[in-house]
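Undergrad: This is the structure I have questions about; it appears just below.
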Amino acid sequence: MHTIKLFLFVVPLVIASRVDPDLSSFDSAPSEPKSRFAMLDDVKILANGLLQLGHGLKDFVHKTKGQINDIFQKLNIFDQSFYDLSLRTNEIKEEEKELRRTTSTLQVKNEEVKNMSVELNSKLESLLEEKTALQHKVRALEEQLTNLILSPAGAQEHPEVTSLKSFVEQQDNSIRELLQSVEEQYKQLSQQHMQIKEIEKQLRKTGIQEPSENSLSSKSRAPRTTPPLQLNETENTEQDDLPADCSAVYNRGEHTSGVYTIKPRNSQGFNVYCDTQSGSPWTLIQHRKDGSQDFNETWENYEKGFGRLDGEFWLGLEKIYAIVQQSNYILRLELQDWKDSKHYVEYSFHLGSHETNYTLHVAEIAGNIPGALPEHTDLMFSTWNHRAKGQLYCPESYSGGWWWNDICGENNLNGKYNKPRTKSRPERRRGIYWRPQSRKLYAIKSSKMMLQPTT
């Protein structure tokens with residue numbers, strides 16, 4: 001800038017020095033040599049000014065060039081950012097399209113599942129009706145078979161007996177196939193339901209809004225009948241001094257495990273097995289250990305009790321109810337699997353009367369294995385010949401009397417005693433097992449169910 005000002009100052013001087021000689025001659029003739037020297041000095045000054053101006057312009061150009069380069073770099077960065085933003089926007093649009101397609105697919109699958117569920121329920125109802133009809137036919141055929149065997153002409157009618165047996169087996173196989181089909185359809189429905197829930201969960205995360213084995217075993221056989229557990233009731237005059245449960249027996253100084261007679265309040269006296277191995281008294285209500293006792297019993301026997309107190313037994317629902325009406329009790333389950341690992345779980349519980357099908361309501365309080373009994377749910381007891389209204393055919397399919405949930409297959413400590421790897425898969429499902437929700441199934445080798453008052 002200073003150079004430019006100097007240049008503007010020098011230029012007029014140079015111009016003034018170049019005045020026409022004819023005009024300057026009017027002043028004085030002898031001054032001509034002095035004017036020439038003045039013009040040379042002015043030219044030098046002008047040249048110097050121009051040189052400085054050139055350097056100044058050069059510096060200005062360099063600075064301007066640097067600023068322009070900075071501007072271009074910023075423009076390039078902006079262009080790259082805009083390009084990246086455009087790519088990301090396109091990706092988001094593609095993801096949105098994909099999610100919308102997924103949502104449409106989900107809606108279609110949901111409709112398919114609903115239709116399948118309706119169809120499955122219809123098939124299940126028809127299968128159950130058909131099964132009931134087949135059971136009536138089988139019972140009628142069994143009666144005919146019994147009459148044929150007992151009749152004097154039974155030996156002569158052997159071909160007819162063989163034919164009846166063959167027909168019964170065919171009907172049994174038909175029931176097995178039908179129930180297996182229902183089981184497979186239930187599994188498919190459960191898998192699709194889980195897939196739908198997973199997709200819905202993903203959709204909720206993106207902000208765009210739009211099962212245990214439920215298997216039914218195949219075979220329903222009539223169980224052999226075992227005599228009810230003997231009460232060994234004592235005379236009324238002797239019952240007043242009897243303890244109310246095994247805790248009362250223990251408090252009287254009897255610290256050895258064994259069979260004792262107790263008399264709960266408002267009940268007759270009966271024998272129980274008191275277990276003191278853990279250092280505290282427990283009243284056993286069920287024991288499984290070797291399969292010597294068949295537990296696929298009738299409702300009447302499950303109410304009265306069956307088996308041997310020094311072996312495998314079920315104490316009886318009536319006696320269990322009489323015990324637990326006296327106080328608040330803890331239900332303890334001790335389980336041993338086929339790897340000889342020992343587990344236990346304890347529940348606080350409430351047991352209903354005969355009128356409620358001995359409804360069980362539990363809440364887990366302790367244990368080293370997850371509980372498989374549904375908590376805070378009414379579980380009604382049922383057997384193959386006594387089923388609460390609305391329940392599935394769990395006892396017929398899985399064997400034994402138990403507190404069943406809305407679905408079968410979660411747990412059953414009164415099932416058929418099966419050794420591992422000796423039976424087919426349907427038979428294993430009818431065995432003794434414990435399956436916490438969404439976890440592995442424990443095949444049980446031995447089990448104990450026992451009671452102890454909380455106070």
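Every residue gets a Cβ built from N, Cα and C, even glycine.
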Undergrad: Would you please say which range out of 32-56, 332-356, 382-406 has the annotation region 'Required for inhibition of LPL lipase activity' in Swiss-Prot?
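TA: Per Swiss-Prot, the stretch marked region 'Required for inhibition of LPL lipase activity' is 32-56.
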Undergrad: If you have Swiss-Prot open, could you say which of C246, C408 makes the disulfide with C274?
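TA: Matching partner in the record: C246.
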Undergrad: Expressed to the nearest Å, what is the distance separating N115 (N-linked glycosylation site) and N357 (N-linked glycosylation site) at their Cα atoms?
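TA: Each residue's Cα considered, N115 (N-linked glycosylation site) and N357 (N-linked glycosylation site) end up 34 Å apart.
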Undergrad: Between N296 (N-linked glycosylation site) and N357 (N-linked glycosylation site), what is the CA-CA distance rounded to a whole number of Å?
TA: 17
Undergrad: Within 10 Å of the Cβ of N357 (N-linked glycosylation site), how many other Cβ atoms are there?
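TA: Its Cβ has 21 other Cβ atoms within 10 Å.
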